[in-house]
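Enquirer: Feature table excerpt (Swiss-Prot):
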BINDING   201, 203, 205, 212  Ca(2+) 4 binding site
BINDING   242, 244, 246, 248, 253  Ca(2+) 5 binding site
DOMAIN    68-103  domain 'EF-hand 1'
DOMAIN    104-139  domain 'EF-hand 2'
DOMAIN    188-223  domain 'EF-hand 4'
DOMAIN    265-300  domain 'EF-hand 6'
CARBOHYD  131  N-linked glycosylation site
MOTIF     312-315  motif 'Prevents secretion from ER'
């Protein structure tokens, strides 16, 4: 077994070993918060910095001089302006904020890409992925660790085909990202729902009933009483999850559960940044307008917040 397979098995075994009967498994995919800072521009622009750059990148700007911050911000603006018309719209800014918040996903894809693009042609075929991930264990029809790797491979192949938009079984980096992180792509959400239902639907009737729903979250340990959160989840299932009150969740009800329509924090922040920076009030930003408000977008080591507030109030 190669290192990748060993680590995969180790992580799975560790997860099983460390899990406790009363721990709650959360299958709901929420949009992450843009920042753990309070969004109060009267006190600081830290929330805006985290939202625009991502929390880790925002820290690097705190070490720059104002001149360095402005220069680097100008380069970022050029990337945000997708259609290169010289303006940054709310939609372009929203897309950038979402990218900044999910930079870790792209970093994860980059790491995995190097291990799967075996012929280094800038693409990852299903054969490359299968050989790199399952090549060794498939030779052993009855592995000692008990995992059904063939079943896992069939499931991965189905997801790979869904991510592969042109159906050539060769993934571009964007398609490979959709394969590894399907919850981030609208066209992959059905496969996320399907896989979730397969995991929970123990009697394979195509639905998730109350006991299957609870059983996925909680393993009863002997004669102990159910934790309070389990009772709450039972109520949630009856009152909110099972919308048509037939005692089980179908595909659409499961989708509403695990992929809720959250408040779009990225769009709200994009509109806020445009409102605060749009000097001529034309609904879009020039590079000059953004750089002029660099303290709002990125800050710097030498930003005087009192002076920044004066400029903020002038607009």
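In case you wondered, yes, glycine gets a Cβ from its N, Cα and C as well.
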Enquirer: DSSP-wise, what's the residue breakdown of the domain 'EF-hand 1' (68-103) into helix, strand and coil?
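Expert: Helix (H, G, I), strand (E, B), coil: 26 helix, 1 strand, 9 coil.
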Enquirer: Do me a favour and check the Cα-Cα span between residue 242 (Ca(2+) 5 binding site) and the residue listed as 'N-linked glycosylation site'; whole Å is fine.
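Expert: Distance between the two Cα atoms comes out at 41 Å.
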Enquirer: Around the C-beta of residue 205 (Ca(2+) 4 binding site), how many further C-beta atoms are within 10 angstroms, looking at every protein chain?
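Expert: Around residue 205 (Ca(2+) 4 binding site), other Cβ atoms within 10 Å: 10.
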Enquirer: Consider the recorded positions 131, 244, 246, 248, 253 and say which one has the Cα lying nearest the Cα of residue 203 (Ca(2+) 4 binding site).
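Expert: Nearest by Cα distance to residue 203 (Ca(2+) 4 binding site): 248.
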Enquirer: Same chain, outside the domain 'EF-hand 6' (265-300) by at least 6, Cβ under 8 Å from its Cβ: which residues?
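Expert: Here the qualifying positions are 31, 33-34, 41, 45-46, 48-49, 51-53, 58, 61-62, 64-66, 68-70, 72-74, 77-78, 81, 86-91, 93-94, 97-98, 101, 308, 311-312, 315.
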Enquirer: Please report the Cα separation of residue 131 (N-linked glycosylation site) and residue 201 (Ca(2+) 4 binding site) in Å, rounded to an integer.
Expert: 30
Enquirer: Return the residues near residue 253 (Ca(2+) 5 binding site) by Cβ distance under 8 Å, restricted to its own chain and a separation of at least 6 in sequence.
Expert: 241, 242, 243, 244
Enquirer: Of 212, 242, 246, which of the binding-site residues has the most Cβ neighbours inside 10 Å?
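Expert: Answer by Cβ density within 10 Å: 242.
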Enquirer: Under a three-state reduction of DSSP output, how is residue 246 (Ca(2+) 5 binding site) classified: helix, strand, or coil?
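Expert: DSSP assigns residue 246 (Ca(2+) 5 binding site) to coil.
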Enquirer: Between residue 246 (Ca(2+) 5 binding site) and residue 205 (Ca(2+) 4 binding site), what is the CA-CA distance rounded to a whole number of Å?
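Expert: Approximately 14 Å lies between the Cα of residue 246 (Ca(2+) 5 binding site) and that of residue 205 (Ca(2+) 4 binding site).
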Enquirer: Between the Cα atoms of residue 212 (Ca(2+) 4 binding site) and residue 248 (Ca(2+) 5 binding site), find the distance and write it as a whole number of Å.
Expert: 9
Enquirer: Cα distance, residue 248 (Ca(2+) 5 binding site) to residue 201 (Ca(2+) 4 binding site), nearest Å?
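Expert: Here the two Cα atoms lie 10 Å apart.
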Enquirer: Reduced to three states, what secondary structure does DSSP give residue 131 (N-linked glycosylation site)?
Expert: helix
Enquirer: Other residues with Cβ within 8 Å of the Cβ centroid of 201, 203, 205, 212 at the Ca(2+) 4 site?
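Expert: Apart from the listed residues, the neighbours are 200, 202, 204, 206, 207, 208, 209, 248.
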Enquirer: For the domain 'EF-hand 4' (188-223), give the DSSP counts of helix residues, strand residues and coil residues.
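Expert: For the domain 'EF-hand 4' (188-223), the helix, strand and coil counts are 21 helix, 2 strand, 13 coil.
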